[in-house]
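What follows is a single structure, written as structure tokens, with notes after it.
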């Protein structure tokens, strides 16, 4: 650098006093000369503590020609681009944080990154090779190049947190991520609520409303962002296309109507185009949208169009005109539309003609009741399920008990004794089976026979290993005089996971292990839930712990009898915002009413989860486990066992009562029932 001897002499004593630790380091003469020559020294001291990223002499020499052409103002600007005011950030802080972004006194953004693999630090990609030169000014770290925006040392932002890396890698959501990361605790809180569905405005969407959002407070920005987040579910594009339309409430309280248009395969959210799909990660999923959702301005709630059952497949049969006319005249078409899928046992025209005088004398309300006794909501049960089951029970929407039987000998099916003579007329409503008479009373109802626990468990197809062990004469001898029992049965996958542990063990040890899964007496889900945690004595003298565990979100759902892990209406607290549930947490999903039960949880037997609940036969009970119980000590807050039931357990047909939110009314053991029951992970 070209400085006169007079200037250097005049300022040397000042520089020496203020920045002696830097001078003592011996590699920063050019930096100190520039600081003194520009008068920046007093500025730095007055702003102390500061963090200086100080170019070494070799760094200045590498661009000497450029530096020599700078006037004092320009040189000052370069120097201030190396100074962060407001704190002395030492190397330990950088290592602990991993990466820090900061703005210099000159307005340059810095990305200060620690690389654990190489144990090195860079600032905007330039190597930091000297650390923690401290003094009254703060701290200096030595760097290998001068930061000159546009030439070298342009801003290199910190990599985003790993959880949002998929969003960052897309390249279209920088402003969204900056906003999420800029509000303390917002991203960690969203992460804690995962899985979430984010409808993320692209950078172009934010730029289009820059003037509207740039002056928002942190609280207002948080509320704006939360209007784009649905907690509790990662809803992918396939689900949207399948459902047609989904309504959900965001964490900020905004209702969303997410609509798929099959004509052009497009998706909109409150009328705003969704143009980027299924950016998935540990957070859940993000879909990119073309505008920011701002209630009152753009993106106000657009409800899903009302779902309407299309009875065309039934009409095309040509023999159900009276039925369809009655369904429409009584308003039951709307009832069916609101409760699909349904199973309809539909009297044909001849069946109605046979009792025409009776039908003509019915009021609209009475006729509606008759028709609803032919409809089972919550499941579309096709003929194959009836054939496989042999007998199914259901409660019709009108309250009548129905028993649907298949006689394998005659190959005839009936409902409450009325012959089914037309099968599997399917449509968006569910399925219709034609019958030869109108069901006018429950006189023909005869309950299905109760199958044994073993028969019911066998029907699931998931406990074959266990059932093989139950045939062991030694184990049967153990059970012979015990009376009613509770079996905690590992499924096939659980046995497969410990096959190496069980291979080669002697019979006595095997029987001891299996007996450790059997408890004398009958213990239902309600028993365990009421007690919270109990220790139960097995038939081989060991103890098992049965403990009720509250659900993480308390918001498991059922849609058409199938549990769904979505909970967009649960009450949560997210970044200080209470997210209200609507009354009863009832929602409509493409015409499907969803019923929430926030009281749900699951049961653990030692360290195994109950995944199949309350399979009963009037004497004993079975609960399926996802692990084999291999011993260990598990304690409860209390060691007082729950009292045994005072009455015999309900038959298997009542298993469905474990989930009070279920609308599926079929019971009895069948492949269909087993599939539904298998979903109900001991939820009570």
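Just so it is clear, glycine is given a Cβ too, placed from its N, Cα and C backbone atoms.
Nobody curates TrEMBL annotations by hand; they come from automatic prediction.
The model shown is predicted, which means the values in this text are computed figures rather than measured ones.
The signal peptide annotation in TrEMBL covers 1-17.
The DSSP breakdown of the domain 'FAS1' (15-147), given as helix, strand and coil counts, is 53 helix, 41 strand, 39 coil. What TrEMBL records for 15-147 (among others) is domain 'FAS1'.
Annotated domain 'FAS1' per TrEMBL: 160-293 (among others), in sequence order.
Over the domain 'FAS1' (307-439), the average per-residue pLDDT in this prediction is 95. Positions annotated as domain 'FAS1' by TrEMBL: 307-439 (among others).
Marked as domain 'FAS1' by TrEMBL: 450-629 (among others).
Across the range of the domain 'FAS1' (160-293), the DSSP-based residue counts are 51 helix, 41 strand, 42 coil.
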